[in-house]
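Notes follow the structure.
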Amino acid sequence: MSVGTLYTFAGQAYGKRVRAAATAAGVQLDLPACTFGETNKSPEYLAKFPHGKFPGFEGKDGFKLFESAAIARYVASLSPNSTVLGATSHDAALVDQWISFADNEVRVPVSNTLAIVRGNAGTYVKPIDLYWRQRVVPALEVVDKHLQTCTFLVGERITLADITLATIVQSAFSTLVDAPARQKLSNLLRWFETVVNQPLLKDIFGETSFVEAAVQYQPPKKETKEAKPAKAATVSGTAAAAVGAVQSAASAAVAAVKPKKKKDEDEEEDEPLVPAEPKVKNPLDDLPKSSFNLEDWKRAYSNMDTKGPGGAIEWFYEHYDKEGFSIWRVDFKYNEELTQVFMSSNQIGGFFNRLDASRKYLFASVGVLGSANNSIITGVLICRGQDFKPVIDVAPDWESYEYKRLEPQANPEDKAFFEDALAWDLKVGDKAWADGKNFK
């Protein structure tokens, strides 16, 4: 049963926030067709929401709200069993923290930059453009770092914080955060794909058009002035011809020595001081297309129980393409050097950071087994192709590890090792899983 009516228009990011919050909380909303510039300017709408902005909410009891943050929080609160606002008081505070960060540190710079480059903020001023533009990626880097060890921003389930930030990031990824910047935000990108592809939310977010190059200000073209008609000659006959010849010769001489006019500073484009290095195509991209989508697996692993019916491992076996991918056991060669468990876990994290260039070709679950001064590092890799080396050798320390191919669908021992490593309950001899990390 619907709790009220949401007035928004197709594609509005603020409206997406409210719709996604309601859907995640299991709350239904009525969504009448609205046209921007018409519905919100009508006397009926202005009588309810005098500011004339979208979105607007009217409850079945006549309760009215505007501003997307307030509406989203309210509709999510109408489901008492939902954890969209946080499962505990601590989680609720963290949800509010990330919502505030998303709105103030990400949305404001993105919105201001877009207003400037689109000419909606008056005369273009480059320093102001740069001021706001240069605040976007550093803010997203804060989130990216937080997501190194988290699937979602708060807790183990999606919250209003994830929904709020995802609507803003979707806009940023399609306008200002280009391909080179996204490559450095791998954790954020993985999180974003997880949120917007949630089955309940996928239709609300729709497709994201990832921009290859950040949008820039385009100055309006200058009008070409029409040439003035030449004055009528005041001499005639042979004299006129002579005068014309002299004038033509003089004009040609002046044109030959006159320096070309420089472009206005506003029209000049910044040229790189050195030519950009040509992009080298990864040979893994030339492999035949595989039916196994690694990103879908990463989402399944993040959102499903690992073992058991309907779990991530079951999903894996149903979709795995052994012709397009291979599975490997990885073991650190120098376990005798390991001391504290947390330090060994940090070593795994450093190894994963150095593998970042292979993120779209690799999934890994690697852990520390044992206790302080008596531990090993081991785990499993899922690699694109039939050889681990093209995937792994981007990390300078890849040779500090040994690699052994596993065939979990043919060998029971390989199967047990693979599944236990994924579930983080692997045991090798007397050493049990103590800590671990995923590369996804």
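In case you wondered, yes, glycine gets a Cβ from its N, Cα and C as well.
TrEMBL does not curate its annotations; it predicts them automatically.
Sequence annotations record features per position, and here TrEMBL assigns domain 'GST N-terminal' to 2-83.
For the domain 'GST C-terminal' (88-217), residue counts in helix, strand and coil come to 82 helix, 0 strand, 48 coil, using DSSP. Marked as domain 'GST C-terminal' by TrEMBL: 88-217.
TrEMBL lists 280-440 with the feature domain 'EF-1-gamma C-terminal'.
Under the heading region 'Disordered', TrEMBL lists 256-286.
Taking DSSP states H, G and I as helix and E and B as strand, the domain 'GST N-terminal' (2-83) has 32 helix, 16 strand, 34 coil. Across the domain 'EF-1-gamma C-terminal' (280-440), the prediction's mean pLDDT works out to 93.
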